[in-house]
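Now, the feature entries from Swiss-Prot:
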TRANSMEM  12-32  transmembrane segment
TRANSMEM  48-68  transmembrane segment
TRANSMEM  89-109  transmembrane segment
TRANSMEM  172-192  transmembrane segment
TRANSMEM  203-223  transmembrane segment
TRANSMEM  233-253  transmembrane segment
TRANSMEM  262-282  transmembrane segment
TRANSMEM  330-350  transmembrane segment
TRANSMEM  373-393  transmembrane segment
TRANSMEM  413-433  transmembrane segment
TRANSMEM  447-467  transmembrane segment
TRANSMEM  532-552  transmembrane segment
Amino acid sequence: MFINWTMMLISFSIVFLYMFFMTFYFNIFFIFEYNLMSILSFEYKFYILLDWMSCMFSFTVLMISSMVLWYSHSYMSSDKNKTSFCWMVLMFILSMLLLVLMPNVFMLILGWDGLGLTSYCLVIFYQSSNSYNSGMMTIISNRVGDVMVIMMIIFAINFNSFELTSIKSFELIWGLLIIIAGLTKSAQIPFSAWLPAAMAAPTPVSALVHSSTLVTAGVYLLIRFDLLFNNNIFSAFLMKISLMTMIMSGMNAFFENDLKKIIAFSTLSQLSIMMLTLSLSLTNLSFFHLIVHAIFKSMLFLCAGFVIHNLMGNQDIRFLSDFFKFSPLILSCMMIGMFSLMGFPFIGGFYSKDVIMEFFFLKSNNMIEMNMFIVGIIFTFLYNFRLFYMLLLKGTLFNMMSKDSINIFMNYPIFNLTVYLLITSNLMSWLLLPEYTMIFLSFTQKLMLLFLVPFCTFMFMILLKFIKFFPYLKLNFLMTMWNLSELTSFIMLSNNKFLLKMSINDWTWLEMYGPLGIKSKIEHNYNFSMTKEINVITIAFSLTILMMIIVY
């Protein structure tokens, strides 16, 4: 079943790739329209938009999904519910395509809610209390974004149209609704706690849902509303949120020991870079980084799943060092992914990250924002250095195994994604990135970019010594996402207590004035009236007998 759907998704992805080249080269787009109903002067229409951006994103989603299903054929082979898992993944892909191809706010809610529902089902796929708690945190955080989209639909009625292309100006409330919806789906502060918690899902779900498709839906929504960032208020707000998220996720990734959570925090960091690029009004550059990041991050998750699967569930990086002696191909692919994450020359993220840094230093005049950006970039280097150090030099192997016990079948989709990363990053950089852009930087700023790598190495050695000499130091504030997890849990528990109290009040009111109350009142009045009637009959009968005695 997995292989059949893999081949079908690859076929559809090739169609979207052809559409991308055709729409991009000829600079055209296609809109398919179907009128569902019309009420008074308002028409409800079903749209499908095929332009170069939607076709490229759809191609990426389908290609990654096909590799994940191919990978799941081996990864989920012993699971009893693998058929249900396959159908849930396909429903998720359908919801993602609806979100990408719909230029209509009213139809956007179909894909948006479909993503939230299917991601919740996939997070709780492994039935345990941890999965249930993670799923509840995920769906509650995403419900905030759903409410924002519904309010967007209400406000769109003022424009007498639901089409995104017909909206040329944005009011303050409309813009805030769009930004908050994007922040919830892309897990930016203060909605960041759900993304690491969602790592309770199977690793193929993390590779597809929580690295390359679901979390990028918020960024894609903001890319579609790129006119929003002509307003300085929205740009400044999004820039500050993204900078804080970048620093927070980098700190947590450096102090984390769980392999999947480290990759999840790096996803959070890269999403904040995409948001930062959008705040600078660099739409094509943000979209390019979104595509490249989706490829290499899904590949990193599949590498992590390969390691975890063959080590019987162990995912602590302190016990994974010698494993890569048994699988040098996976180590090579993982190193390419991490080099791309750091912006190593001519690999993946290099083409976008270097340009993003230069544009940021060119356009930003705020010293605090520049320092925050540098700190975030430094932590990106640091947690990658630490991951290299623990996987290759420092750690020990938790479970020794023979080379024959390693499942080779999962190597093929990982290798395909690696080749796809190397080809796509070069090709997309030629097509999307600006050819002639004058970037004027001072001599100090140029040297700052060059000295980041040796400075990060020096900071890495200092922090390693710091952790070594203080092994029992409680870094709760840094390791719990600045207490966002506890804050989210507290709000959820407080809401539950409030709802419980309100439900008790509701039951009390229902008891008094609802159906039960009406029933009790009717019974009381009936019994009272029957008592009165019985008394009247008794008195009348007694008087009749008394009169008969007197007369006769």
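A Cβ is built for glycine as well, from the same backbone N, Cα and C atoms used for every other residue.
In this chain, the transmembrane segment (203-223) lies in contact with the transmembrane segment (262-282); the count of Cβ pairs under 8 Å, excluding pairs fewer than 6 apart in sequence, is at least 3. Contacts between the transmembrane segment (172-192) and the transmembrane segment (233-253): present, as 3 or more C-beta pairs lie under 8 angstroms, all at sequence separation of six or more. Contacts between the transmembrane segment (203-223) and the transmembrane segment (12-32): absent, as fewer than 3 C-beta pairs lie under 8 angstroms at sequence separation of six or more. Remark: the transmembrane segment (413-433) makes no contact with the transmembrane segment (89-109), by the rule of 3 or more CB pairs under 8 A. The largest share of C-beta pairs under 8 angstroms with the transmembrane segment (12-32) comes from 48-68, of the ranges 48-68, 89-109, 330-350. Within the same chain, residues 5, 9, 31, 44-50, 54, 57-58, 61-62, 65, 68-69, 72, 115, 117-119, 122, 146, 149-150, 152-153, 156, 162-165, 204-205, 208-209, 213-214, 217, 220, 224 sit at least 6 positions outside the transmembrane segment (89-109) and bring their C-beta atoms closer than 8 Å to a C-beta of that stretch.
Distant neighbours of the transmembrane segment (330-350): 266, 270, 289, 292-293, 295-297, 299-300, 303, 306-307, 324, 380-381, 384, 387-388, 391, 411, 414-415, 417-418, 421-422, 425-426; these residues of the same chain sit at least 6 beyond its ends, with a Cβ under 8 Å from one of its Cβ atoms.
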